[in-house]
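Taken verbatim from TrEMBL:
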- 1-25: region 'Disordered' (REGION)
- 35-56: transmembrane segment (TRANSMEM)
- 68-93: transmembrane segment (TRANSMEM)
- 113-132: transmembrane segment (TRANSMEM)
- 153-179: transmembrane segment (TRANSMEM)
- 255-279: transmembrane segment (TRANSMEM)
- 300-326: transmembrane segment (TRANSMEM)
- 338-359: transmembrane segment (TRANSMEM)
- 379-397: transmembrane segment (TRANSMEM)
- 417-436: transmembrane segment (TRANSMEM)
- 504-526: transmembrane segment (TRANSMEM)
Amino acid sequence: MAYDDPKTPFLPVNDRSQPSSPPPPPFSLKSMATLKNFCILLGPLLCAVICLCVTFDGPTTSRNMLAVTAWVFAWWLTEAVPMPITSIAPLFLFPLFGIASADGVARSYMDDVVTLLLGSFMLVLAVERYNVHRRLALNITLRFCGEPVSPPFLLLGICATTAFVSMWMHNVACAVMMMPVATGILQRLPVNPTDGSARAATPINNFCRAVVLGVTYAAPIGGMSTLTGTGVNLILAAIWKSSFPEAKPISFNTWFFFGFPLALPIFLALWVILCLLYLSKGSSMALAAYLDKAHLKRELDILGPMAFAEKMVLAVFGTTIALWMTRSITEDIPGWGALFHGRAGDGTVSVMVATLLFILPNGKQKGEKLMDWNECKKLPWNIILLLGAGFAIADGMQSSGLADILSKALDFLEQVPYIAIAPVVCLISAIITEFITSNDAAATLVVPLLSQMARTVNVHPLALMVPGAIGSQLAFMLPTGTPPNIVGFTTGHIDIMDMMKTGLLLKIVGTAIVSLLMPTLGAYIFGTKG
């Protein structure tokens, strides 16, 4: 229904000319006894059991916080209530249980990090609206295709394009945009998508598997590079800022200097693994008859020359990246943010650029702008609200004292060397994300606890918080691990065994790289030696 149309009534008007619908079945208690209703009751039941049976050697609010967390996570895990609605539950649960005031918890939902994501999503919608991502993908892939076609380098081109795009927008949006581009390139190939039966491991089928797996995994790997590439990075930055307000915040620039060197070897490992598992020596000859540069050029010709609107979106996109990268550079070169005495954040840039999209013309019709509000109705509010809920829970754990109590159970780790703790933390986060909940929710649960645990074992908090956050992004083995996994699995080109064997190798490599970089590059970037 077009609510923006003044001629359209907000409430529907009954049309007596239409046949009436049949009356609903009579209400009965038996109709209420469903699995979904049980899952709805599970949250309040867990909350009540914890409030009645659990006692802590500390303030009552710590017990109440544990009860509320159990309620929210029960609904998140079972999806008994839609995730966006569950994400706003702290707005009424925290005040009712005495954890935080209504004003206090509401502020968590409009943090600078949330505005950063909000503006970034508007920019992503502009990129989608004018097919900038498709043109970029085809141009880069054309450079890697080779003549005759070289499957390893074509795979590298598709994966590199996905990773690059994911660096500047949320990895879920990137996977959704890039998967049709990848499968469009595969449409000329005579493949038989899996239907649950055995499928011949022909060179063409294997190449299709490699491409879909490459796009599926390149999106979250590329997202690790930047603060806006994935919600987990934003959650980490926000929890660090709220837990240690006196410390230097994790800026876009700071994270990039660590995230890009981290993501690059993981990406190269992905390419090598896919080449070894799926690209045989005969794949080039098998693909030559169906896929060449002429096909990609025809796709570009269909798009036509770059229009004024596309150029404007690219210019805005480039300006955004430049402003993010130069807001805070080094202590000696403070960047343009110093002109505003530190009051401007990365979210300031994001929202300012999003505003420009509604001011700059698109050159198509007189008075028409690059974006209009109807396009913004596609904003993924579920992710934005989930991010706000994560900040609220993290703040609640700190203010209620629950984080201190839970971290005391980890005192035994004080005797364990850090070089052994970091990979364990990374693996625990990855397992929680793989089998229990989403990576954003896992980071929301694990990262605040790790900040307290770091104090217990006498290490810098970021030395554990960063591996924990990155570990929650290494969920590559199951379709339910992350949304990009679902996007790849639903194409029909891959099955669970493909994800299991590729994802396990990638998880091992990713954990090893994180464990090596944190004590070296991470110690320099984040100052974790002190």
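Each Cβ is built from the backbone N, Cα and C atoms, and glycine gets one as well.
The transmembrane segment (113-132) makes no contact with the transmembrane segment (68-93), as judged by fewer than three Cβ pairs under 8 Å among residues 6 or more apart in sequence. The stretch with the most CB contacts under 8 Å to the transmembrane segment (504-526), chosen from 68-93, 255-279, 300-326, is 255-279. With pairs at least 6 apart in sequence, the transmembrane segment (255-279) and the transmembrane segment (68-93) have fewer than 3 Cβ pairs within the 8 Å limit; the two do not touch. Scored on C-beta pairs under 8 angstroms, the neighbour of the transmembrane segment (153-179) with the top count among 255-279, 300-326, 338-359, 379-397 is 255-279.
Sequence-distant contacts of the transmembrane segment (338-359), counting only residues of its own chain at least 6 positions beyond either end whose CB sits under 8 Å from a CB of the stretch, comprise 111-120, 122-123, 126, 227-228, 251-252, 313, 316, 319-320, 323-324, 327, 369-373.
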